[in-house]
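As recorded in TrEMBL:
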type: DOMAIN; residues: 28-712; note: domain 'Myosin motor'
type: BINDING; residues: 123, 124, 125, 126, 127, 128, 129, 130; note: ATP binding site
type: REGION; residues: 591-613; note: region 'Actin-binding'
């Protein structure tokens, strides 16, 4: 009752009191697909539970694949044998539910329908999105590697490289992606010819701070475990617990991960991706320099306690940073302890207090890492770019799931805004467009309501008064504060039913998302949104003796100057151009472009579910799963799909595809008549499973599955007939050849005998 808000249901075999339900035998059958007639909260939950206990972690809900994370890698389930087994699976549910079946359907649709495909992988952190992405990419690379196998291998090796730099251990997940990625794999003549990677919202704050039992990004620990003593001496490194940026979570190792082995995988990936030795060394120098930066400490000047002046307490770390980054010692020291102010062609130095100096140190560390990450993505795209024409593509979206922590900040607002946008896309594809199509085609259809989250999207991002728009406006005022931003939000949105203003004087506001209400703490919102590097810092790194590092920051300087008309050498604004885009503005633009790109593709949805909150293998908690099913909108989705007709074909497409189901059908008959004739041959139980529109036929998924199954049987029978005829012809020819040979031998032998006589 507590799980289902007071609703009750009976478990099969009345085993409600058993901790582990009875596992059905293979002969009894475990449903791979929950059919639309079976859809209910209870049936979905129970089916997933039984299948999970039976080591079957994939279930179809309609055409949506639900993947439950087992927290254990069953390698036998993802072998080449399984790839070949699902390679030609043209009909859903013709084989047991599997992520390879979904990948196969998307791949075959791209080849047959000549339409771009998009696999949308979503779910909470810990649901297995990263692993699902890798499995789909491995499948595509195995079934159709392309003529240039190096390109395919490079595309695959990009994943472990970015996983090292963009994934980290969190309290919910040992390998959590702290950025979103959209991978487009391009095909020409049915072969992979290249790819393009887009990244979203790298979690920069993790570089300088993380919570208890969490880690910084994997690459730091892999570096320290993978380097031998000589290499550590070269970069001035020791062990992870010695570095402030790594030891805050008191979690140095992960039981399920070997950092030393993963470092070797990282080196292999860099080699396959053709990173030069100089590029690899620059990467390691930047990573080592960030660790040294974190160990730079400041203290108040005891000789002059009347002033809030500071002094460096760790000059050795300054020297290491300067050496590794190719900088002048004094230049780095000045940027850490002083702010440069430009006034009338003069550069005035203002000393930092202790808190400002620590903030300056952390800002430099975050800038170094995020710049390196952006450079890696651009470098990978340069290596795997498409050099010839493209026919179609398959895209894979792996993006952060909905987040609701005890304290939610700017990052959570952006992440949840992205999830709202994806839910809108999902709603639009599944609900809105379908109902509009029904009306356009004049189907007998009673419009039904669904949870439309357009109002929430408008509250967060719509111009001119959306929350992110207010944040951008405030970010452009030097004297604006987090409190002034919050006050403006309260004033403009207090009456909005989705917006919550706290009763007490707190620095928070709340938003009712599609997945539940989330409270956001605005402290730090403006600084995180501005995320501006000081001009003197960019200038310092642009003058580095390391040409690769210098070019990274010169590109940033060019962007700043082009947007603001600000010249770093003179410190003057030379034009009145637009302000530099804020983090939220760039993220909103990227998100809009992503949704626009996805709209042009045929989507396939995979919902990743975590079975429990403590990352225990082979343990499923019903309450945890049910909450995620509700948060992802799955139950709302299946309710609509149960009532609607989600499959549609033009009459010409339907007649061409299913004409084989009516024997001896003439080719010159009108396609609509052919469509009606095919449907009339069906049994009475399918009468309510379709509707005929003006230009299209609309089907429910169960009917399409039946038609596909029947079509597959007819095609297989036809193929067997052709094979039988050809084999008969070959055997007949072989027999005739052998018969002629035998007759010839007999003739020659008789001739020899007659001659001898």
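A Cβ is built for glycine as well, from the same backbone N, Cα and C atoms used for every other residue.
The average pLDDT the prediction assigns to the region 'Actin-binding' (591-613) is 89. Remote same-chain partners of the region 'Actin-binding' (591-613), defined as residues 6 or more beyond its termini with a Cβ less than 8 Å from a stretch Cβ, comprise 48, 52, 63-71, 99, 102, 105-106, 109, 113, 115-129, 132, 172-173, 182, 198, 200, 393, 395, 397, 401, 417-418, 421-422, 424-426, 429, 619-621, 624-625, 628-629, 632, 634. Residues within less than 8 Å, Cβ to Cβ, of residue 123 (ATP binding site) and separated from it by at least 6 positions along the same chain comprise 129, 401, 607, 608, 609, 610, 628, 632. Cβ neighbour count for residue 130 (ATP binding site) (all protein chains, 10 Å cutoff from its Cβ): 22. The binding-site residues examined here are 125, 126, 127, 128, 129; by Cβ neighbour count within 10 Å, the least packed of them is 125. Apart from 123, 124, 125, 126, 127, 128, 129, 130, the ATP site neighbourhood in this chain, defined by C-beta within 8 angstroms of the site C-beta centre, holds 69, 173, 176, 401, 608, 610. The helix, strand and coil residue counts that DSSP assigns across the region 'Actin-binding' (591-613) are 9 helix, 8 strand, 6 coil.
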